């Protein structure tokens, strides 16, 4: 807010909204109370299942280790997101009420958001790594055969995780939860405080993480999918033209390629709204959460993150339908649970 010695305080113009308030309320409640919690619960369940199954399959090769790491990252992302979802619901459920919070749910919500994003970025880069490894092994098999060993895969995943943390350090160190004394109610409360260079940290984050790294990752995944799909089709047509059936190794390799393609395409499709809204945010300054198109921004942001939760949940469906060992372990577990319960009854 600007001040003028003769005119006094000058108020900022009222935000321009493109989305009717009633529409915002209806869709916002459906997303926050219905779609978002459901996607998170399904995602948590499916990733716990993925972690257990891949561990049981054995972490002896690059493929299993990579998908195990992806499941761990998705699980961590959804765990932190579930805390944010609960805080969001508490904020909306208590609007207009004088609730004596020691720490406001909104404080936890905004603070934990940036830690959840770290794991989302980690999942994205692990997906890029999985697609790139398989693309190299399929497109140039003689050169890359034996390159991606178990130990090298672990090192690459550790490097990916550390790098995502490092790129988010500016946003993490410019926020802190501080204790303040509430004189009116005679108690200590906790609030979120940003440092003076917070705007620069957010601007750097938008340019580096949400634009440069994102588009490089998305472009890499897209190219890998095209190469893998082309090679898979060529392999299938070659066997048909020569009237040859697939060997067990070739069949296994094809299933791995299909699994990688589906996981990558799933990420590309379900992350598209997030990519677009991040790009629009750069082009349209009023498209933000503070002033301007705040309702539209809030709704699109919620949709984007709901699709991200759904992405983390649907990977298990891909694994089940493309990995015979994964399917066998899950089926055996289901039979053990239900048949065991039926036997007890």
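Every residue, even glycine, has its Cβ placed from backbone N, Cα and C.
Please treat TrEMBL annotations as automatic predictions, because they have not gone through curation.
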For the annotation transmembrane segment in TrEMBL, which listed range does it cover: 3-20, 57-74, 75-92?
75-92
Taking 255-276, 321-342 as the choices, which stretch does TrEMBL tie to transmembrane segment?
255-276
When TrEMBL marks a stretch as transmembrane segment, which of 154-173, 174-193 is it?
154-173
Check the transmembrane segment (255-276) against each of 30-55, 154-173, 212-234, 296-320 and return whichever range has the most CB pairs under 8 Å.
296-320
